[in-house]
C-alpha cells in the first residue's frame, strides 16, 4: 500500500494519440465536460460559435461556415448572417481576411479577385489556421498565468505569422540548477532589524552597500552583489530589502518578433528607471542591467540573476539585456573568451540597436 500510495502521488504525462475531434465526441457521448477541450456545461447540449471558417452568398443571402465550440469539425454548418450573434468573431473574421490580403500584396503575389460570393480556398484556409492559432495561444496564456507566482499578468501575442506556442518553452518561477549542482537554501543567520534602512542589515554583514533606495530602485553600480533579507530575518514581507524575492510587479507580454528573432518579451506598463523588472531563472542598446542577488542561498558561485531597468521603459517596449552579462560580477580574465574570432562559433544578434556588437557571444 505504501508503494502504491507513493506511486499515486507522482504526475505522469504521456502524449495522446487520439484527435481532438474524437475526444470531443467521446465527451459528449458520455456527457462529460472538459474545459481544456472546450466541452463545458454551457455547450454540452447547446451550440456556441467558436470561430468562423468560410463565407458565401447564395440567393442574395450571406452565409458563414461555423465551427461550434466543443464540437468536432465534422459538425460545422453554414449559418445565415442573421442567425449569428457574435459581432466580435465576425470582426475577427474580416480582420484576418484583410491581414491575409495585406500579406499577399507585400509578397507581390497576384491573386485572382474575389467574386464577392465566395472566398478563395487559400483565404479560408488562412482564416481557420489563424483562428486555431489564436485559441492555442489563449490556452498557453491561461497556463502561464496559472503557473506564475508573481503579481503581474502575462499576455501572449502573435501578429506576425501562424506560429503557435513554442514547444520547447517551460515557464518556471525558481532557478533550475543543472544536473550535479546542489543549491543549499538554508541560511544560518539573518538580521533582527526593526528598520532595515537604518540598522546593520544583511548587506552590511556581507560587507556591501544596501542595494535599494526608499523608492525601491537600485542604487548600487553594476557588478556589486545584492544581499537581500532572507528566511531567517526577523523583518516582515514589507521590508525594503525584499525586492527581487517578490517577483515582477509588472504585466508583461510574450510576443512573436517580426525580424526572425523568435519570441520576445515586452512590458505592458511604464517602468521607471533603476526598477527591478524580473528575475532571470533560465537553465542590446539593452534597457536591462544584470545584478547578482543573494537571499537564502549565500554561495557566491550560484547567485540569482535579477534584471533592473537602466532607463525609463515605455509600455509596449521590448525588454532586452546584454547576453554577455557584463556587470554581473564575473569579469575575471579566466571568464573571458580570448580565442580567435574566426575559430569561434558566433551567434548573430538581431536586436537592431545602433550600439549592438553584432553577436551574442
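Here the Cβ of each residue, glycine as well, is placed from N, Cα and C on the backbone.
Positions annotated as domain 'Chromo' by TrEMBL: 47-105. As annotated by TrEMBL, domain 'SET' applies to 185-324. Taken from TrEMBL, the feature domain 'Pre-SET' covers 189-247. Taken from TrEMBL, the feature Zn(2+) 1 binding site covers 191, 193, 196, 201. Annotation source TrEMBL lists Zn(2+) 2 binding site at 191, 202, 229, 233. Marked as Zn(2+) 3 binding site by TrEMBL: 196, 229, 235, 239. The Zn(2+) 4 binding site annotation in TrEMBL covers 284, 349, 351, 356. Among the features that TrEMBL reports, domain 'Post-SET' is placed at 345-361.
Taking the features listed in TrEMBL, we show where each one sits on the structure.
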| residue | record | Cβ neighbours (10 Å) |
| --- | --- | --- |
| 191 | Zn(2+) 1 binding site | 21 |
| 193 | Zn(2+) 1 binding site | 19 |
| 196 | Zn(2+) 1 binding site | 22 |
| 201 | Zn(2+) 1 binding site | 24 |
| 202 | Zn(2+) 2 binding site | 28 |
| 229 | Zn(2+) 2 binding site | 25 |
| 233 | Zn(2+) 2 binding site | 21 |
| 235 | Zn(2+) 3 binding site | 21 |
| 239 | Zn(2+) 3 binding site | 20 |
| 284 | Zn(2+) 4 binding site | 20 |
Taking the mean position of the Cβ atoms of 191, 193, 196, 201 as the Zn(2+) 1 site, which residues outside that list, in the same chain, have a Cβ no more than 8 Å away, listed in sequence order?
192, 195, 199, 200, 202, 229, 233, 235, 239, 241
For residue 191 (Zn(2+) 1 binding site), which of the listed binding-site residues (229, 235, 239, 284) have their CA atom within 10 A of its CA?
229, 235
Return only the integer: C-alpha distance in Å from residue 201 (Zn(2+) 1 binding site) to residue 233 (Zn(2+) 2 binding site).
9
Between residue 193 (Zn(2+) 1 binding site) and residue 229 (Zn(2+) 2 binding site), how many Å separate their Cα atoms?
10
Neighbouring binding-site residues, C-alpha within 10 angstroms of residue 235 (Zn(2+) 3 binding site) - of 202, 229, 284:
229
Neighbouring binding-site residues, C-alpha within 10 angstroms of residue 239 (Zn(2+) 3 binding site) - of 196, 202, 229, 284:
196, 229
Residues within 8 Å of the 196, 229, 235, 239 Cβ centre (excluding the Zn(2+) 3 site residues themselves):
191, 193, 201, 202, 233, 236, 240, 241, 242
Across the domain 'Pre-SET' (189-247), what is the average pLDDT of the model, as a whole number?
93
Treating G and I as helix alongside H, and B as strand alongside E, what does DSSP give for the domain 'Chromo' (47-105) in helix, strand and coil?
25 helix, 22 strand, 12 coil
